[in-house]
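**Q** Mind looking over this structure? Questions follow.
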């Protein structure tokens, strides 16, 4: 459910901003305040703050005059991309709508994951990712409108100004074009102007994708990879953190017998621990005889074998083992840390293979399994310090309570989180800028797709329908279909996200 407290705070904040604006305008400082708003280009309305300026127009003109020949090819390519994207977006929305309708009649476990999902802070977007979200929307919006502005100047359409706004928590940008000039240019020129925004969004996606793929090579002088997973974040007060747990900057190289050289290895090793049976640890018969303090064997209400006196020692754990494949299970209460220091095993024979104890007597070493329930594991994590971390609990806690990175800083002054911040920002650029490119090209009212469709109809149906009113009717009907299609997708997605 939506976090009502955060929503209430947003309403209070914007209510206070709008109330302050009204109070100042009605006070003795109103003229000074109005002059400030006029000179700064700021304006305030319910839930929104806008900034508008004409000071960037000369910059747009200089950009439009740079490499003029290549820019014509550039914006023409944007038209072809918009053609393909418009068809693809309609097919995608139709498929998503059919999928959403089918999900309404299915049981929760049978529903398929939706392709397009609205992003709602506090619901499916963590609040601590709001900086990524806002920065991505702002950058994608600015480049989108920059494309419109440069293309317009190239086609002899005046740019009146450029602006940035923030609506509730969603930032964006806009460009003010001369309507009179825009109406006087040809359909081909209009297409180059209208398609430039989504084209720039698509190019931004490609740039972010290349940057993400080349990140290990670009950061090579500062960060090394392929050696370990570096701990970059911990949830305090959990079994993962603390003096005997992980510390920030630890280099995790192994989880039991699973080697770790990257963040992906860390996640795969956790999944391996989760989905595999309990793993044991090789120890000698002398170890068992020396440390065993087992009391009467009992079973808890959950069916877990207990052979230790938990009132006297919290460092001991009940282990089970078999002296041979056909013998009954034996139990021993042993120190967890020293017992788990042995090689990982699954059978007694594993303890006799190369790289383990290498004992010549088969019956002098055993594979000891911790007596735990199905959701609990005893995991040894090698983190570059002695002794290795010994984790007892649900392995999902390692996944959720510890954050790791594949990048190991070469210098102490480097931030552990920097590569992850760059990677996360690139991923947001790919997803959000890509979504803006796909959705903005839909022939829907108030989106770029509406104007692209209108110019396209004029260009392609000009001879077939010489009457302008007939062409407008065709464009209106197709835009109505696109508006209903997009609206239905958004409504069903919000319903599924909030109420189901």
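Cβ coordinates come from backbone N, Cα and C, glycine included.
Predicted, not measured: the structure shown is a model, and the values here were computed from it.
Per TrEMBL, the feature domain 'Peptidase M50' maps to 132-469. The annotation signal peptide is assigned in TrEMBL to 1-19. Here TrEMBL flags 74-98, 130-153, 159-177, 198-220, 474-498 as transmembrane segment.
Any idea what these are sitting next to in the structure?
**A** Residues 114-116, 147, 151, 154, 191-192, 194-196, 198-200, 202, 437-439, 441-443, 449, 452-453, 456, 482, 485-486, 488-489, 492 of the same chain sit 6 or more residues outside the transmembrane segment (74-98) yet have a Cβ under 8 Å from a Cβ within it.
Within the chain, the transmembrane segment (159-177) has long-range Cβ neighbours (under 8 A, six or more residues past its boundaries) at 10, 14, 41, 47-54, 56-57, 60, 121, 130, 134, 137-138, 141-142, 144-146, 148-149, 152-153, 193.
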**Q** So what's near the transmembrane segment (198-220) in sequence-distant terms, Cβ-Cβ under 8 Å and 6+ beyond its ends?
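**A** Distant contacts of the transmembrane segment (198-220): 75, 77-79, 81-82, 85, 139-140, 143-144, 146-147, 406-407, 419, 422-423, 426-427, 429-430, 433-434, 436-437, 440-441, 448.
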**Q** Apart from its near flanks, which chain residues at least 6 from the ends of the transmembrane segment (474-498) lie with a Cβ under 8 angstroms of it?
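**A** Non-local partners: 1-2, 90, 93-94, 96-97, 100-101, 103-104, 114, 116-118, 120, 123-124, 439, 442-445, 449-450, 453-454, 457, 461, 465.
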